[in-house]
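The structure appears below as structure tokens.
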Amino acid sequence: MLLFSWLSSKPGNAVIYYPNRILKGLDPFEGGSRTRNPFSWIREAMSSTEQDVISISGYDTAVYFVFLSTVLGILVLSGLVLLPVLLPVAATDDNGKSAATTSNGTFSDLEKLSMGNVKSKSPRLWAFLLALYWVSFVTYYLLWKAYKHVSGLRADALMSREVVRPEQFAILVRDIPPVPEGQTRKDQVDSYFKTIHPETFYRSMVVTNNKEVNKIWKELEGYKKKLARAEAIYAKSKTTGKPEGARPTNKIGFLGLIGKKVDSIEYYNAKINEVTPKLEVEQKVTRKEKQQNSALVFFTSRVAAAAAAQSLHAHIVDKWTVTDAPEPRQLIWIHSRTIQKKPDSIVSILASSLPLNATFFLTFVALKFFVGYGLQLSRLVPLIIYHLKRKYICKTEAELKEAWFPGDLGYGTRVPGDMLIVTIVLCYSVIAPIIIPFGVVYFGLGWLILRNQALKVHVPAYESYGRMWPHMHTRILASLILYQVTMLGYFGTKIFHYAPFLIPLILLSLTFGYVCSQKFYRFFRDAALEVACRELKEAPNMEQIFRAYIPPSLSSEKIDDEDYEDALSQVSRSGSFV
């Protein structure tokens with residue numbers, strides 16, 4: 001934290017510690033970020049509101065903080081009861097000589113504060129069983145409260161009259177039947193939806209496989225960047241050397257280390273002229289010959305698109321299936337990461353192995369927040385890389401921006417890491433309650449540091465308006481059920497005959513998940529009509545909405561409107577939707 005406070009106050013490092021604010025045209029040091037107080041950033045993070053997070057970093061980031069706050073609340077409320085109750089119950093028993101809770105078989109003073117120190121068949125085990133009920137009901141309450149709150153956030157976002165969101169006017173159609181003879185895929189899709197939605201259908205965009213055209217387009221863009229770099233070097237040489245300057249050269253062999261030496265500007269201009277016709281040919285081939293059995297269909301109103309996305313279009317349910325369209329910036333759709341294995345011995349394995357690793361996991365959680373969050377806050381690695389690139393590699397403004405551009409919070413890797421900590425702390429909350437403060441520090445420190453990063457550093461890659469929340473909710477609940485099942489087995493190893501009292505709790509968790517899914521989930525899958533029917537402040541530009549989905553590799557200044565009508569109705573934002 002001290003290193004961050006010192007480094008972030010240097011003007012030359014502003015692009016590393018305040019890129020979000022810089023990209024939005026804001027003063028990076030507004031609000032006292034350059035004061036002598038090394039902890040002023042803490043005050044700024046603590047005083048920020050949810051609306052501040054939404055305006056700077058978007059709704060998805062706000063939902064992520066709801067997740068952090070919910071887990072933090074579960075752990076704090078659980079700890080308020082478990083720590084003062086269970087620690088004395090465990091510490092005052094005398095089972096230390098006959099039990100072991102560390103991986104090397106020793107029984108340290110720390111482990112005497114755990115459930116492993118309680119004798120088998122002891123009536124003290126009732127305290128641990130009731131504690132399990134307390135943790136479960138706290139989790140139910142806060143998860144329910146969070147689901148309602150996130151639903152409200154999503155509704156507010158989708159009902160906004162200020163911003164036109166292209167995905168609200170489109171649907172994604174899959175499983176399109178084979179093209180009838182004498183028709184193109186575009187004709188097939190257009191005629192089908194014009195018949196069903198004659199008043200509100202706008203146009204279609206058939207999905208294509210863009211693998212080859214993307215490859216050629218990236219090659220062309222690479223040559224353009226190298227040309228810009230060579231021209232920047234040449235321009236600089238005119239100011240530092242002879243007035244006529246020194247034209248840059250490069251070798252065209254392996255990695256630019258061997259081969260013939262050529263004039264860089266002339267060479268890259270020639271390569272651009274060579275690749276451009278290849279791209280234009282491949283664009284035409286892709287549009288005509290690489291169409292898939294999916295399409296984006298656009299409507300003239302949000303209500304029409306929302307209604308179409310929730311409707312059954314064909315009497316054969318595996319044909320013409322429809323869903324909400326993705327946001328244009330969502331280039332890749334990832335469908336989970338699920339392998340289910342249920343060997344008969346899973347409960348007994350967890351019950352016997354978890355207590356033996358209590359100390360290891362306590363240390364693991366501590367390491368995660370002491371080292372992991374410290375590196376995230378100080379941003380030492382991005383800082384070093386940026387300054388090295390700025391000095392030795394970057395020659396153009398585009399290269400310089402690419403060197404410091406921070407990217408988003410990376411939910412795909414961040415959330416699973418957080419879920420691992422949730423699972424560990426929940427599973428050990430009753431077995432070894434001393435782990436709860438470590439979990440509280442992890443999520444509390446995470447909330448504080450990531451609040452700073454969200455407001456000043458990271459830039460959202462796309463916006464789903466909280467659509468990830470149901471998945472977070474389900475995984476927290478899954479951690480709770482795993483915790484309950486594990487404790488059922490562990491009580492069995494303690495020969496506690498009242499362990500079956502936990503079975504209703506497991507059934508209650510499953511019921512709670514079902515009720516939440518029935519009450520809330522569909523709104524996160526489909527747009528509610530009462531939300532979509534709100535009038536926009538200005539009439540939407542449908543052509544602009546349509547073109548938001550055109551990938552750069554299929555854009556061409558040489559294509560006229562007639563070509564657009566035929567070709568751009570047959571493209572996708574990414575390679576192909578799965």
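Just so it is clear, glycine is given a Cβ too, placed from its N, Cα and C backbone atoms.
Keep in mind that TrEMBL annotations are predicted by a computer and have not been checked by a curator.
What TrEMBL says about this protein:
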DOMAIN    1-145  domain 'CSC1/OSCA1-like N-terminal transmembrane'
TRANSMEM  62-87  transmembrane segment
TRANSMEM  125-144  transmembrane segment
DOMAIN    168-333  domain 'CSC1/OSCA1-like cytosolic'
DOMAIN    337-491  domain 'CSC1/OSCA1-like 7TM region'
TRANSMEM  346-371  transmembrane segment
TRANSMEM  419-450  transmembrane segment
TRANSMEM  476-492  transmembrane segment
TRANSMEM  498-516  transmembrane segment
Most Cβ pairs under 8 Å to the transmembrane segment (62-87), of 125-144, 419-450, 476-492, 498-516, goes to 419-450
For the transmembrane segment (125-144), which partner among 419-450, 476-492, 498-516 gives the most CB pairs under 8 Å?
-> 498-516
Beyond a gap of at least 6 residues from its ends, the CB atoms lying under 8 Å from the transmembrane segment (498-516) belong to 125-126, 129, 132-133, 136, 140, 143-144, 147, 473-474, 477, 480-481, 484-485, 487-488, 491-492
Averaged across the domain 'CSC1/OSCA1-like 7TM region' (337-491), what pLDDT does the model get? Just tell me the whole number, please.
-> 81
Please list, for the domain 'CSC1/OSCA1-like N-terminal transmembrane' (1-145), how many residues fall into helix, strand and coil according to DSSP.
-> 94 helix, 0 strand, 51 coil
